[in-house]
Amino acid sequence: MPLRDINVSIISVNNCSLLALVQAQSESQQPKIQLRLAGDKHKHYEGRLEVSYNNEWGTICDDDFSIEAAHVACRELGFLGAVAWSPSAKFGQGEGRIWLDNVHCTGREKSLAECPSNGFGVSDCRHSEDVGVICNQKRIPGHRFINTMNNNVETLEERVEEIRIRPISSHLKRIPVTEGYVEIKERGKWRQICDEEWTPLNNRVVCGMYGFPGDKNYNNKSMNCTGNEAHLSSCRLGKPLEPKRNSTCGRGLPVVVSCVPGRAFAPSSSTGFRKAYRPEQPLVRLRGGSNIGEGRVEVLKNGVWGTVCDDNWNLRAATVVCRELGFGSAKEALTGAKLGQGMGPVHMNEVECSGFEKSLTDCYFNNDALGCSHEEDAAVRCNIPAMGFQKRIRLSGGRNPYEGRVEVLTEKNGSLVWGTVCSENWGIVEAMVVCRQLGLGFASHAFQETWYWAGDASADNVVMSGVRCSGTEMSLPQCLHHGKHISCPKGGGRFAAGVSCSDTAPDLVLNAQLVEQTTYLEDRPMYALQCALEENCLSSTAKKNDHSSYRRLLRFSSQIHNVGQSDFRPKLGYHAWTWHECHRHYHSIEVFTHYDLLSLNGTKVAEGHKASFCLEDTQCDEGIQKRYVCANFGEQGITVGCWDTYRHDIDCQWIDITNIKPGDYIFQVVINPYYDVAESDYTNNVMKCKCRYDGYRIWMYHCHTGELQKKKLY
C-alpha cells in the first residue's frame, strides 16, 4: 500500500503506529526465499550462494555484492556472520536462473530478500559471475534449520516424484508393508512398473526409500500341505503362482518387491524374539535426534565414542549409516552439527563410501581430523518404515498442534475408541515418547493436570494407566503399562496426562577436564557449615557432631555447558521456587546434580547433591550474549553455547568423605538426575572419574563423560 493511502488519523496518533503499520505491510509483502551453499565446496560453511524463489533454485550475481550482503546471507543460513565473499564463480558455476543482481545490503536485514536489488530474475550476468560466501563456522544458538532440499545439487534428466509399494492381498493387514507391487504415479494415476528391465539393485533402492535396510527375492510359490503336518514348515512348496498380466506389462510381469525390515521394525509376531535378542556392541550410533532414525553420527574407536567430521559428508555415507542401524536409505546427510555438537575425539574425516559397505567403519576415511571441530559434526536423517504410530495417538484441546491432552486409540469391546492416559507418575520421559510417536520432536513439558485443555468429551475415559517408559520406545503402547485392568486413583478428566512438544531441546554436558584439574580436600569446622547442614549437603553423621568438630570435604569445580539447540530452563516458574533463608537464595531446581563416591563394584559409599540455587550464564562462546543472570530474583537458565560454573569454594560443591577409608573409588556426577527438564541426550549427563584416596590426599584421573566402553572394536 502506498504511503499516501494510509489513514491520516493513524499518522496523527503517533509516529510509532505509522512505522509499525508500514513495517507490518512490508514484512507481509516480503518474497519468501530459501538459501543454500552449493558447488565445489570443502566445508559446510562455504560455497556458491544459491537462492530458491517460486520453488526454483538459482544463483546470485557478484555485481555490487559486499561483505554486508554476505553477513545477511550467512545469518539467514544459521551462522553468526560472514568471514569473506568470493566473486567470479570461485565455487563453480551454477545452473538455472540468476535470481538476484546488484544486491545492496546494509548488513542489518533479516533476509537477503529485504535488500534492494534489480528484482528477482532481472540480471545481465552469466554464471561465470556467480557469488560465493565463506561464513563464520559458529552457529546461531537455537537456529531452526528448514531443509526442503538437499544441499548436494545433482542434475537429473528425469526423476520419479511419487512411488509406492502396494501390498499384495495376503499382506494387506501386515505392518509394516514389506511386500507388494511397485507403482509410480503418472498423470494423477497409479500404474504398475513392468519387470522387463528391472534389476535387484532397483529393489534395494525402493526398499531403502521405505525404511528397510535390505531386500530378498519374492517367494511366489504356493504351499502344498496334506493336512497332517504339525507345522507349516513341514509342507512342501507347490507350483509358482502365475501373476496376472495387465495392460501396463504387455510382454513382462508387474514388479513385486520383498523388503527385509530392521530388527526394531520386524512384524509383531517376533516381539518375543526381539526381547530375548542381545545384539552385539554396535560400532555406530545416533545421538541428539528427536525422532527414530535421526541424529548425530558417532563411532566407537579404541573404546571411546567420537564424532564424524562433515568434510565430504554425503548421502552415500549417510545411507551406509542408516542401513547399518536397521533403517532404510538416508533422507538427508546433515552437516555443521545441525543435530547438536558431540564431545570427545573426532574419529573420522573425509569419509568416502560406495554405498554397499556393511558399516561406516568399512568406508575409506582420513584418520587425521586436524582442523575439524564439533561445529562440523555430521548427522543423518533416515527413511523408516510406515508403522502407523501417528494414527493411534493425538493431542487434544491445546492452543496449537504441539500441545494438549494425550488421547490414545485402543480396542474396547471389539471396537476402537479414543481415551485418555492416567497421569499418575506421568513424567518427561513418557512425554518424550508421545512427542516422538507424533513426529513433533522433543517434549518440553509433561503435565499431570489438564483441566485447561478441554479435549474431546467422548474421549474422557481413561484407557491406559501405569505407564512407565525408558525413553527409547517408538510408541506409548511399547512402554510398560497396565493391561485390561485400568488403575487410576484420581481418574481422568482434569487429571489426564498432557504434553507440550518442541522442535529443539537443550543438552547439558559437564566439563570433565575441569573436575580433574580442580579437585582437592578441605577440613572445615562444623560451625562454618550450618547453612550446608540445613540444606542436607553433609553426611548424616554430621548431625551428631558438635560445632568444634571438622568435616573432610572432597571439593571440585563443575562447569556445565549447554551444547543443545534450545535454552535450558527450570521446569518450575518463579512462584514455585524455594527460598533458603540461610544462604538467602532461591532454588529453581531442588536437585540439579548428584555427586556420588562409589566403590569399584558400584556401591555408593558417600554422596552429595547440588540445587540450582543460581542457574545462570557464567560465560558464553564468542559471539553469544548472556541471557540469564539470577541476581535480584532474575531469570534462571543456561543459554545455548553458554555454561554455568559452580566454583569449588562455594557451599555444597563437595562430597563429605569424613568417614571414608583410604582406597580406590569411582567419582560420579549426574546432571538433571530426575529428568526434571527435557534434554535431547541424557546419555552425556553422567561423568565418571577414577579416584584414589590415601587418607591425606586425593587424586582424580581418567575423567570421562558418558559410558566408556571396555574393549577395542576397530
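Using the three backbone atoms N, Cα and C, a Cβ is placed for every residue, glycine included.
Unlike curated entries, TrEMBL annotations are predicted automatically.
Within the same chain, residues at least six positions away from C125 (disulfide bond) with a Cβ under 8 Å of its Cβ are C61, D62, D63, I98, D101. The disulfide bond annotation in TrEMBL covers C61-C125 (among others).
The disulfide bond annotation in TrEMBL covers C74-C135 (among others). Under a cutoff of 8 A between CB atoms, and with a sequence separation of 6+ in the same chain, the neighbours of C135 (disulfide bond) are L37, Y45, E46, A70, A73, C74, L77, F79, G81, A82, V83.
Residues or ranges marked as disulfide bond in TrEMBL: C105-C115 (among others). Long-range neighbours of C115 (disulfide bond) (same chain, six or more residues apart, CB within less than 8 Å of its CB): A69, V72, V103, H104, C105, T106, E109.
Taken from TrEMBL, the feature disulfide bond applies to C225-C235 (among others).
The disulfide bond annotation in TrEMBL covers C353-C363 (among others).
Applying an 8 A CB threshold to same-chain residues 6+ apart, the list for C479 (disulfide bond) reads E430, V433, V467, R468, C469, S470, E473. Positions annotated as disulfide bond by TrEMBL: C469-C479 (among others).
Sequence annotations record features per position, and here TrEMBL assigns domain 'SRCR' to 35-136 (among others).
Note on the domain 'SRCR' (165-260): its mean pLDDT in the predicted model is 73. According to TrEMBL, the domain 'SRCR' annotation covers 165-260 (among others).
Annotation comment: TrEMBL describes 284-383 (among others) as domain 'SRCR'.
Taking DSSP states H, G and I as helix and E and B as strand, the domain 'SRCR' (393-502) has 20 helix, 40 strand, 50 coil. Summarising the annotation, TrEMBL assigns domain 'SRCR' to 393-502 (among others).
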Neighbourhood of C353 (disulfide bond), C-beta criterion under 8 angstroms, separation at least six: R316, A317, T319, V320, L360, C363, Y364
Among C61, C105, C363, C469 [disulfide-bonded residues], residue with fewest other Cβ within 10 Å: C363
C74 (disulfide bond): tally of other CB atoms within 10 A of its CB: 25
